[in-house]
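Enquirer: Below are the features I grabbed from TrEMBL:
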DOMAIN    150-363  domain 'Membrane transport protein MMPL'
DOMAIN    548-730  domain 'Membrane transport protein MMPL'
TRANSMEM  20-36  transmembrane segment
TRANSMEM  210-229  transmembrane segment
TRANSMEM  235-255  transmembrane segment
TRANSMEM  267-286  transmembrane segment
TRANSMEM  306-325  transmembrane segment
TRANSMEM  337-360  transmembrane segment
TRANSMEM  392-412  transmembrane segment
TRANSMEM  585-603  transmembrane segment
TRANSMEM  610-629  transmembrane segment
TRANSMEM  635-657  transmembrane segment
TRANSMEM  678-698  transmembrane segment
TRANSMEM  704-730  transmembrane segment
Amino acid sequence: MTDGTPRNRLDRLAQLLLRYRVGLLIAGLLLTVLAIEPASRLELDESIESFYAEDDPYLAAWRDSKEWFGGDEFVLVAYSDPDILQTENLERLREFARELSEVPGIRPESTQSLASTLRPKDASLPVRLFLRFPITRDRLLEFSRHVLIGSDDETTAIVLRLMPEEQASVPRSETFARIRELAAAHDPPAYVAGEPVQVHDMFRYVEQDATTLGLASSGLLLLVILLLFRSIRWVVLPLLIVQVTLVWTRAALVLSGLKLSMVSSMLNSLVTIIGIATVTHVTVTWREFRKTMDRPEAFRQTFIRLAPAIFWTCVTTSIGFAALLSSQITPVRSFGIMMGMGTLLVLASTFLLLPGGILIGRFDTDPRSTPAEGRLLSGLAGITRWTARRPLIVSALALTLMGIAFAGFFRLRVETDFSKNFRDSSRLVQSLDYFESRLGGVGNWEVHFTAPEEIDQESLDRLRALAGDLRELQLDDGTRLTKVITLADGLDFIPGIAARTPQRKLSLLRDFQPEFVPGLYDQEAGKMRVVLRALEQQPAEVKLTLIDAVEEKSREHFPDARATGLYVLLAYLISSLLADQIVSFALAAAGIAIAMTIAFRNVWIGLISLVPNVFPILLVIGGMGWTGIPINIGTAMIASVSMGLTVDSSIHYLSGYRRARLAGADHFEAVRQTHGSVGRALVFANVALVLGFTVLSLSNFIPLIYFGVLVSVAMFGGLLGNLVLLPVLLRWVRWIPEAETADDATHLAAADATG
């Protein structure tokens with residue numbers, strides 16, 4: 001590959017790095033100091049809009065709804081009281097609702113409770129007298145069922161409407177924290193839920209994990225490195241590379257106007273893993289050269305040997321992350337940009353900081369061998385002999401496993417049950433369980449459509465017919481809507497003796513429930529909606545089928561009907577991940593194959609290098625299908641990210657194999673030498689990678705746990721693919737690279753001999 005770049009160019013660059021190592025180190029540290037301030041300003045984008053592209057039709061429908069009807073960003077607070085309908089308990093409920101309404105960020109005039117519905121204080125005298133009739137009270141209770149009171153007549157809910165974030169005097173986090181404080185202090189304790197709370201908690205977990213998991217992965221990996229190399233200097237060096245890269249990446253994101261997204265807690269862990277893997281290869285190679293060379297010469301030889309491989313590993317890893325730009329989901333795309341940038345900055349920090357970090361000072365200059373290294377080398381030699389004797393068995397076994405795994409692709413499913421993103425012990429899941437079992441769920445959504453400027457009897461009849469159809473709608477598995485609310489429901493509540501025309505009924509309804517009419521009907525825009533509620537804890541296919549069925553039934557009455565709401569946005573957000581999985585994987589594979597072809601100047605090598613990396617990814621993703629592990633926001637990125645990370649093993653392996661062949665070794669001898677030198681570094685690096693990703697299992701956000709565990713499995717499979725499957729492929733493909741010059745071959749052979 002680029003070992004074929006004339007050696008004198010690499011030699012001259014190595015000499016420059018040696019000569020200016022102090023200046024480069026100072027420049028890198030100074031740049032880091034300058035980047036700290038902008039890096040500290042990096043923000044987390046918590047808006048629901050960050051999940052979608054600007055021109056996405058579902059997002060457009062959601063924004064239209066907010067403009068017409070004020071938005072449905074509600075927080076629900078519920079508790080149980082066996083005697084909730086008693087006068088004194090309704091007054092306690094009214095007082096609790098008043099306290100919640102005074103929380104900054106809440107629109108107090110929009111607060112709804114059973115007390116304000118049964119006994120509105122601001123209503124006119126005729127309305128208050130009308131509400132005292134038992135039949136009126138019973139109709140109101142039924143009308144409020146699954147919204148303000150549960151089917152058990154004990155559970156009651158308070159509905160709080162959030163102000164738009166730009167109008168609120170405090171951040172949403174403070175609003176939710178205060179609501180939860182009041183809920184916890186209430187007797188009995190109340191539960192808090194609602195889609196805005198779910199989204200907020202998701203971001204809070206992501207933000208907490210960004211720090212916690214970064215420190216955990218750094219600590220664990222550095223401990224592993226200390227055990228492997230028993231050198232303080234060689235523990236500090238990877239830590240320095242990682243932390244500098246993180247500061248640079250964060251500063252670059254701020255300067256480019258980008259923000260962190262919900263999957264960004266992986267930034268610290270992934271940069272840590274990439275940086276430590278890079279330095280691990282340097283450490284092993286440096287240690288070998290130091291057996292026979294002084295420090296400057298050992299650095300020069302290490303640079304000449306590894307610089308091309310490190311360059312191409314960073315490029316291919318960036319390509320793997322860049323493939324995520326094909327996603328239709330904004331957080332996934334921003335993650336791809338962020339990690340592609342971070343990977344390339346690992347390359348920059350390595351070249352700036354390592355020369356000085358390795359050569360300045362005389363303290364603890366050389367890493368040491370671990371006692372288990374001898375057994376590792378024996379094991380690698382055994383793998384060499386085994387693959388050489390059984391190439392057909394290796395190939396047949398690999399093809400069989402890949403075929404079985406590919407069949408699992410057709411069994412993949414997506415996850416839209418939002419509660420499955422969090423641990424069962426979290427307060428969010430406990431609240432969701434409470435609302436799902438007692439109040440018909442928290443899945444609020446709507447169908448909106450064009451309505452006449454003046455409500456007449458004909459339009460109300462159409463609306464009643466639609467409401468009846470939606471209430472009777474039931475899927476094959478029994479799933480149905482838990483609540484349907486229309487403007488006609490409110491108007492029908494008012495008896496004909498009180499008002500005969502729809503317009504008069506609208507006027508009385510505004511007096512009785514000021515928020516009801518504008519929340520369902522925008523006369524100026526000529527738009528109306530039907531508000532719906534469904535269970536949140538349902539499989540993806542059920543949710544999407546229900547949404548489609550509601551939309552189809554609505555269009556029978558109103559042809560331009562469109563379903564929208566946070567419930568719909570989150571459902572379609574997850575469903576698009578299945579297509580993203582395939583597209584991003586294909587793009588990553590194509591991009592990496594092209595990069596490998598350029599690197600090694602050989603199309604066959606570009607194609608061969610994909611096989612040991614596609615192999616473990618097929619097994620992991622196919623295994624997800626067979627075992628029922630769902631695709632979520634974390635697992636959607638496994639294919640392209642894993643390929644970008646595992647291919648670096650192939651690059652280093654092929655580079656070592658090429659050097660051995662240029663030195664005159666046959667295939668078997670080249671594999672033996674490569675396993676004994678490069679293979680050792682690959683094992684060390686991949687052990688660090690796997691351990692680093694398993695740290696994600698500590699996350700509070702379930703998609704990150706899946707991501708960490710499954711990528712760890714893929715990384716381990718990639719290591720086996722490169723040590724077992726790649727040698728077999730190289731045996732059958734007659735690739736005998738030619739040195740560009742005789743001098744180049746001589747120098748490469750000499751470097752291997754001295755190493």
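Glycine too: its Cβ is placed from the backbone N, Cα and C atoms.
Those TrEMBL annotations? Automatic predictions, nothing curated.
Small disclaimer: the values here were computed from a predicted structure and weren't measured.
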Enquirer: Count the Cβ pairs between the transmembrane segment (337-360) and the transmembrane segment (20-36) that lie under 8 angstroms and are 6 or more residues apart in sequence, then report whether there are at least 3.
Expert: yes
Enquirer: Between the stretches 20-36, 235-255, 267-286, 392-412, which one has more Cβ pairs under 8 Å with the transmembrane segment (210-229) than any other?
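Expert: By the under-8 Å Cβ criterion, the transmembrane segment (210-229) pairs most with 267-286.
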Enquirer: Determine the mean pLDDT over the domain 'Membrane transport protein MMPL' (150-363), rounding to the nearest whole number.
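Expert: The average pLDDT of the model in the domain 'Membrane transport protein MMPL' (150-363) works out to 87.
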